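Structure, as structure tokens:
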Amino acid sequence: MANDFLFTSESVSEGHPDKVADQISDAILDAIFEQDPRSRVAAETLTNTGLVVLAGEITTNAHVDYIQVARDTIKRIGYDNTEYGIDYKGCAVLVAYDKQSNDIAQGVDHASDDHLNTGAGDQGLMFGYACDETPELMPAPIYYAHRLVERQAQLRKDGRLPFLRPDAKSQVTMRYVDGKPHSIDTIVLSTQHSPEQSLGDKMIPSFYEAIREELIKPVLPKEWITAETQYLINPTGRFVIGGPQGDCGLTGRKIIVDTYGGACPHGGGAFSGKDPTKVDRSAAYAARYVAKNIVAAGLARQCQIQVAYAIGVARPMNITVYTEGTGVIPDAEIAKLVEAHFDLRPKGIIQMLDLLRPIYQKTAAYGHFGREEPEFTWERTDKAQVLRAAAGL
């Protein structure tokens with residue numbers, strides 16, 4: 001009997017309130033790194049109706065107009081009208097940053113196990129994942145969920161569907177047969193819109209047609225769409241009130257959207273607003289880099305990496321590889337190859353992936369992984385041939 005199951009992942013648009021917060025936090029980080037890439041940054045953001053609160057810990061020599069950075073980010077997303085719930089020109093922006101604790105800084109500056117190296121900025125566990133379901137070596141449900149909300153923004157910004165507003169969510173339910181993607185069972189797309197697209201609580205018929213034909217169908221592989229595929233477009237109907245007016249937004253609340261859509265475990269640490277001495281971010285990027293190179297090398301069809309750290313200690317507590325039976329050599333041997341070819345100490349990660357750069361705002365919407373952006377060094381597969389040769393393949 002075929003191993004037939006359904007698996008679902010979701011994504012949210014750049015105008016979703018939590019993603020607005022993430023993008024502001026990473027825009028702050030980038031603005032600081034443009035002047036002082038050795039800064040320590042933990043920038044948190046809250047968004048609500050007409051209000052942005054910036055808080056956290058920042059130690060830097062940079063001089064940044066944090067309020068203007070927040071406004072510019074909100075403008076770029078498309079919140080330029082008070083009818084949308086927040087307007088970059090008129091919203092209140094409150095700033096409440098402290099400096100990084102000296103107690104934390106001493107352990108990061110000089111690792112207890114290697115005084116010349118950088119210690120991990122906190123304890124914790126991180127996961128990386130890759131699989132052969134898509135050319136980008138990402139799970140198909142999260143990959144296509146991202147592409148749906150990304151296209152929503154494109155159609156909104158270029159004027160092809162001018163009734164769209166910034167807030168949106170997508171969800172893709174994939175049917176698997178024999179452990180491989182077979183077809184799409186259900187697509188959910190909810191998007192904020194201008195008032196004339198609804199009659200009472202219901203949407204006008206042309207709205208459904210435009211979303212299905214212009215937004216959804218161009219994104220998804222035709223071979224995965226069947227007569228049984230369900231389209232749920234704005235299933236609750238009217239969606240005029242959205243963004244920070246519809247829900248309070250906070251940095252770090254979309255960690256599954258940011259990673260693999262639930263296809264592998266998550267260590268719990270968010271990414272946005274954090275400089276790369278925080279292993280929550282940098283080690284998760286490194287784990288993706290490792291996993292992707294293992295799959296690209298043909299050592300496994302899917303690969304999950306777990307790493308863990310202790311605060312102030314450079315070397316990871318463990319590097320564990322799981323290939324779920326798809327590996328061509330034992331997982332323990334793959335783990336030894338990882339230790340030999342990747343420096344997963346915090347300083348090693350920062351150097352390996354060139355992370356002391358203002359590259360982070362782009363990561364804060366549409367996923368940190370599975371995107372072939374030139375700044376996303378963790379998406380390179382430059383170690384694949386080395387790993388393949390070392391494995392004797």
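Even glycines carry a Cβ here, placed using N, Cα and C.
Listed features, source Swiss-Prot:
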type    : residues                                                        : note
BINDING : H16, D167, A168, K169, R238, F239, D247, R253, K254, A270, K274 : ATP binding site
BINDING : D18                                                             : Mg(2+) binding site
BINDING : E44                                                             : K(+) binding site
BINDING : E57, Q100, D247, K278                                           : L-methionine binding site
REGION  : 100-110                                                         : region 'Flexible loop'
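What Swiss-Prot annotates, mapped onto the structure for a quick look.
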residue : record                    : Cβ within 10 Å
H16     : ATP binding site          : 28
D18     : Mg(2+) binding site       : 22
E44     : K(+) binding site         : 22
E57     : L-methionine binding site : 16
Q100    : L-methionine binding site : 20
A168    : ATP binding site          : 29
R238    : ATP binding site          : 15
D247    : ATP binding site          : 18
K254    : ATP binding site          : 24
K278    : L-methionine binding site : 23
Reduced to three states, what secondary structure does DSSP give H16 (ATP binding site)?
coil
In sequence order, which same-chain residues at least six apart have a C-beta under 8 angstroms from K274 (ATP binding site)?
L29, V41, A42, A43, D280, R281
In this predicted model, what is the average pLDDT of the region 'Flexible loop' (100-110)?
64
How big is the L-methionine site in terms of the longest C-alpha to C-alpha distance among E57, Q100, D247, K278, in angstrom?
30
Any idea what the Cα distance is from E57 (L-methionine binding site) over to R238 (ATP binding site), rounded to a whole Å?
40
Secondary structure at A168 (ATP binding site), reduced by DSSP to three states:
strand
How long is the line from the C-alpha of D247 (ATP binding site) to the C-alpha of the residue listed as 'K(+) binding site', rounded to the nearest angstrom?
17
For ATP: widest Cα to Cα gap among H16, D167, A168, K169, R238, F239, D247, R253, K254, A270, K274 in Å:
36
Rounded to a whole number, how many Å is the Cα of the residue listed as 'Mg(2+) binding site' away from the Cα of R238 (ATP binding site)?
21
Using DSSP and collapsing to three states, where does K274 (ATP binding site) fall: helix, strand or coil?
strand
Pull out the binding-site residues from the set E44, Q100, K278 whose C-alpha sits within 10 Å of the C-alpha of H16 (ATP binding site).
none
Nearest to K278 (L-methionine binding site) in three-dimensional space, by Cα, is which of the binding-site residues E44, A168, R238, K254?
E44
